[in-house]
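See structure below.
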Amino acid sequence: MTTSNRRYHITTFGCQMNKADSERMAGILEDMGFEFSEDPNNADVILYNTCTIRDNAEQKVYSYLGRQAKRKHEQPDLTLVVAGCVAQQEGEALLRRVPELDLVMGPQHANRLKDLLESVFAGNQVVATEAVHIMEDITQARRDSTVTAWVNVIYGCNERCTYCVVPNVRGVEQSRTPEAVRAEMEELGRQGYKEITLLGQNIDAYGRDLPGATPEGRHLHTFTDLLYYVHDVPGIERIRFATSHPRYFTERLIKACAELPKVCEHFHIPFQSGDNQLLKAMARGYTQEKYRRIIDTIRRYMPDASISADAIVGFPGETEEQFENTLKLVDDIGFDQLNTAAYSPRPGTPAALWENQLSEETKSDRLQRLNHLVNVKAAERSQRYMGRIEEVLVEEQNPKDQTQVMGRTRGNRLTFFKGDINELKGQLVKVKINEVRAFSLTGEPIEIRQAVQV
């Protein structure tokens, strides 16, 4: 099949891992000769990279698919692809539900997109959901940004949280070698990228599957070791990482983050619940006391560190008192940002089968109460920025105000200020903050520090 002058479109649902996978699959499609189309109705290949963490995201996928399936009856050459976690979970059942589909592929197969599409173009309907070793030879991604980039360091998850479908759809943990991670970062540095976010479902579990151990029995390749190994990559000014699991978040890692100047003082560590009984029912493997100690240790080493997290309300059996324990933890810690969600039963998870499910009304009420507190605490946390000078990495123009540029502080606060994006994109700018909101800042530039060129 000739792919020149043909177009593709990717719609991505869900987490940062999916966004990184979509960038790699876009790179594969462009290597094959396809051009990107913003409008799916003008595309010859439409790929939905899906999320199954919550039911609403899954239902949205089926809605999109229904529209394009109708179009395929009028345009038989249209190629429809479902990738990601819904594809992995449903497999061949997706073909029965949407027979117009050409390719169903789980997240472990993202790097095999070219081979799978060539099979489709040869006339086959393809399902690729079997467990595979993720290919280390990662195709050059089509990055959405020219300033910041994702770099996967570990795929999959070995945890068995009772509410979560991720281990079922993303497979067991597979760490990339330190050499492969550094090589990708070096290439990004040569291309002019300034900030790297290292990605993993449980990134602080990195290296447990790699060979070797220290004489003390510690894994030879921990995430802390990886940070030291990649920290001096030329051209890279900032390093972030996500997502961390409290079970593996050590003082050694915290100390490394405090010592390494490129590592940003921002930590995303989901706690899910502030009640020990619920944490045990969730099989999270820690207590709320341990979580508090982690945050206390971070703030001891880095008093101004930004903390973000995830929380679930309405987990099966959650009492009002248990929910209030979550509110207390949020009130005590004071998160800079908190991603909240009402519990959504997911197929194949233990908690979905439990009889003590809460009503949608109760879940909605608790979510609203939690979100109110989150906004109050975030606004309180923002006050510390007023009048301060913050280093901002400029990423893009403010879409709502063409006279402003936008970027993020080291603590991950979205920040706006007057400026020309053509002059400032990719630059580190000292900004004096004169306006604060719960989740963003506004200021005036006072100094531009030219980022190091390589």
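Even glycines carry a Cβ here, placed using N, Cα and C.
Because the structure is a prediction, the values reported are computed rather than measured.
If you check Swiss-Prot, you get these features:
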BINDING   Cys15, Cys51, Cys85  [4Fe-4S] cluster 1 binding site
BINDING   Cys157, Cys161, Cys164  [4Fe-4S] cluster 2 binding site
DOMAIN    6-122  domain 'MTTase N-terminal'
DOMAIN    143-380  domain 'Radical SAM core'
DOMAIN    383-447  domain 'TRAM'
Which of these binding-site residues is closest to Cys51 ([4Fe-4S] cluster 1 binding site) if you go by CA atoms: Cys157, Cys161, Cys164? Cys164
What DSSP gives for Cys85 ([4Fe-4S] cluster 1 binding site), in three states, is helix
Using the alpha carbons only, what distance in Å do you get between Cys85 ([4Fe-4S] cluster 1 binding site) and Cys161 ([4Fe-4S] cluster 2 binding site) once rounded? 17
Neighbour count, 10 Å Cβ-Cβ cut-off, for Cys85 ([4Fe-4S] cluster 1 binding site): what number do you get? 27
At a 10 Å cut-off from the C-beta of Cys161 ([4Fe-4S] cluster 2 binding site), count the other C-beta atoms across all protein chains. 22
Of these binding-site residues, Cys15, Cys51, Cys157, Cys164, which scores lowest on Cβ atoms within 10 Å? Cys15
Other than Cys15, Cys51, Cys85, which residues of the chain come within 8 Å of the [4Fe-4S] cluster 1 site, judged by Cβ distance to the Cβ centroid of those residues? Phe13, Gly14, Met17, Asn18, Thr50, Thr52, Ile53, Ala57, Gly84, Val166, Val169
Could you tell me how many residues in the domain 'TRAM' (383-447) are helical, how many are strand and how many are coil under DSSP? 7 helix, 37 strand, 21 coil
